[in-house]
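Peer 1: Have a look at this one before I ask anything.
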Amino acid sequence: MLTLGVNIDHVATIRQARRTVEPDPLAAAVLAELGGADGITVHLREDRRHIQDRDVRLLRQTVRTHLNLEMAPTEEMISIALDIKPDYVTLVPEKREEVTTEGGIDLVSNFTRFAQVVDQLQGAGIPVSWFIDADPAQIEAASKTGAKFIELHTGKYAEALNEESRAQELESLKKGCEQALSLGLRVNAGHGLTYWNVYPVACLPGMEELNIGHSIISRAVLIGIDKAVREMKLAMRGQV
């Protein structure tokens, strides 16, 4: 059954805007789980613009579903992951000047080093997911690194300017999902998904989990996190 991972980064974004102690991402995680979240996702960025190290450590102790740690494949982040041991890690590209992650990681150009990263993390019992575009070469490379999962980048689908472009991007995601499954990879997806565009992605055969943050937190500002999560789960079933 398709599951929902709720990204709570932007709860921390609001907190860090004033460098204060609230709103607390831990409280947000609890409410998200009460609302039906199947997992909690946080991105510990190198610049610490929202989620902080302390948040990840406390979430590791309090999350009752599963904790997905998004991070760049750097030595610093690998060391943190090996210490905290999240339920799994999603490795993403990162640029300091970007507002949010802009695309999938390039495994083809950095294959040897990234395969070693997978060995390090999975050797310590931490399953690895690669955040990649629905590109056949990248999916093939992800499989060859030995990773357990991929997360397909849905940004191009979400940002498509017309229905024709959106249909083309959805077809690319469908083919990417099929290829990944044929290679023995488990498939997640995320980036830019909202209440209004999530259902077609949720219908893709073999899709395991959708990771969604900004849309849920934006809605939660108005109606509360638990209700916003419930509504997203309805949207994933085409009931919104």
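From the backbone N, Cα and C atoms, a Cβ is placed for every residue, glycine too.
From a predicted model like this one, the values you see are computed outputs, not experimental measurements.
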Peer 1: According to Swiss-Prot, Arg18, Gly192, Gly213, His214 bind 3-amino-2-oxopropyl phosphate; so which of Asn7, Asn162 is the extra one listed there?
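Peer 2: For the 3-amino-2-oxopropyl phosphate site that includes Arg18, Gly192, Gly213, His214, Swiss-Prot also lists Asn7.
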Peer 1: Rounded to the nearest Å, what's the C-alpha distance separating Glu151 (site 'Transition state stabilizer') and Asn7 (3-amino-2-oxopropyl phosphate binding site)? Just drop the number here, would you?
Peer 2: 14
Peer 1: For the 3-amino-2-oxopropyl phosphate binding site, please report the maximum Cα-Cα distance among Asn7, Arg18, Gly192, Gly213, His214 in Å.
Peer 2: 26
Peer 1: Which of these recorded positions is closest to Glu70 (active site, proton acceptor) if you go by CA atoms: Arg18, His43, Gly213, His214?
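Peer 2: So, of the listed recorded positions, the one sitting closest to Glu70 (active site, proton acceptor) is His43.
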Peer 1: If you measure from the C-alpha of His191 (active site, proton donor), which of the recorded positions Arg18, His43, His214 fall inside 10 Å?
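Peer 2: Near His191 (active site, proton donor), where near means Cα within 10 Å, the recorded positions are His214.
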